[in-house]
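Visitor: Annotations for this protein, taken from TrEMBL, read as follows:
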- ASP49: active site (ACT_SITE)
- CYS52: active site, nucleophile (ACT_SITE)
- GLU237: site 'Linear diubiquitin binding' (SITE)
- HIS262: active site (ACT_SITE)
Amino acid sequence: YKPSVAPEMDIMEYCRKEWRGNTPVAKRMRKGYEAVAQKFASIRRVRGDNYCALRATLFQALSQSTQLPTWLQSEDFTKLPENLLSKYDWIKQWQLKQKLGRKMGEISDEIKEYLMLLRKKWKYISEIKGPIEKQEACDKLFKNEEEEYSLYEALKFLMLNTAIELYNDDKNGRRVPVFSWLLFARDTSSNPCQLMHNHLNQIGHSGGLEQVEMFLLAYALQYTIQVYRLYKYSTDEFITLYPNDPEEDWPVVTLITEDDRHYNIPVRMCQETKL
């Protein structure tokens, strides 16, 4: 079984292998990779199966984590599925990972298991002191298909919870971030129920994360996701932050994309760089 995150490779070597030609696109990609190589020495390829945005973000968050995020520590964290299901009956149509012989009605228990697994793994990895040992623990986790995909279910559910909170805040006249309006301005997701059916249920199956959902993921994890968008090299959008006005105390993870669909991860910072 191949790991979901490939071993690291020199970033410029990777670029030369991938972008050989002299087309305008290849030239732009090479320039983009050169810019990333000013900050990072290596790249790790992430398996592309419609989970890659979740995979790359979670891998980076765990491999840099030194403490359990506050929201993961709260007592109510694992009660989330039953609390939401008691208010919103439509969540019963959440599309879980395929398991044979599942009975309906177990959905809240199953999601609770995924959330508990997320907390357990995050706590375990964040407490590892040595960087090499921490990296090994991450690599091991992302080789375990059963656990890995359970964690993505947990992330998707946290995204749904965040979307519900934002939707309700907006309806009650509270201030919400701009992306929240964009999220619910789409014909396919004018409310959280539609968002679940048409978008979150599809992630990992027939689609990945759209840009506006990258914001939602960042809010759900309370992380700033910094993305080098290589095809936007030499424009203002070359380095995009989700959210674009991040909270001061949110940790930052960095990803690379060539097309806003597939994400890889840069590793080994050349020098300490801060946002």
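Placement of Cβ uses the backbone N, Cα and C atoms for every residue, glycine included.
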Visitor: Just checking the recorded positions ASP49, CYS52, GLU237: which sit within 10 A of HIS262 (active site), CA to CA?
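Guide: Matched recorded positions: ASP49, CYS52, sequence order.
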Visitor: Just jot down the residues in the same chain as the residue listed as 'active site, nucleophile', at least 6 apart in sequence, with C-beta under 8 A of its C-beta; none if empty.
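Guide: Those within reach of the residue listed as 'active site, nucleophile', by Cβ under 8 Å and sequence separation of 6 or more, are VAL46, GLY208, HIS262, TYR263.
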Visitor: May I ask for the distance between GLU237 (site 'Linear diubiquitin binding') and ASP49 (active site), taken between their Cα atoms and rounded to an integer number of Å?
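Guide: Given the Cα positions, GLU237 (site 'Linear diubiquitin binding') is 25 Å from ASP49 (active site).
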Visitor: Applying a 10 Å Cβ distance cut-off over all chains shown, what neighbour count does GLU237 (site 'Linear diubiquitin binding') have?
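Guide: GLU237 (site 'Linear diubiquitin binding') is surrounded by 11 other Cβ atoms within 10 Å.
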Visitor: Long-range same-chain neighbours of ASP49 (active site), Cβ under 8 Å, sequence gap at least 6?
Guide: GLY204
Visitor: When a 10 Å sphere is centred on the Cβ of HIS262 (active site), how many other Cβ atoms does it contain?
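Guide: A 10 Å sphere around the Cβ of HIS262 (active site) contains 18 other Cβ atoms.
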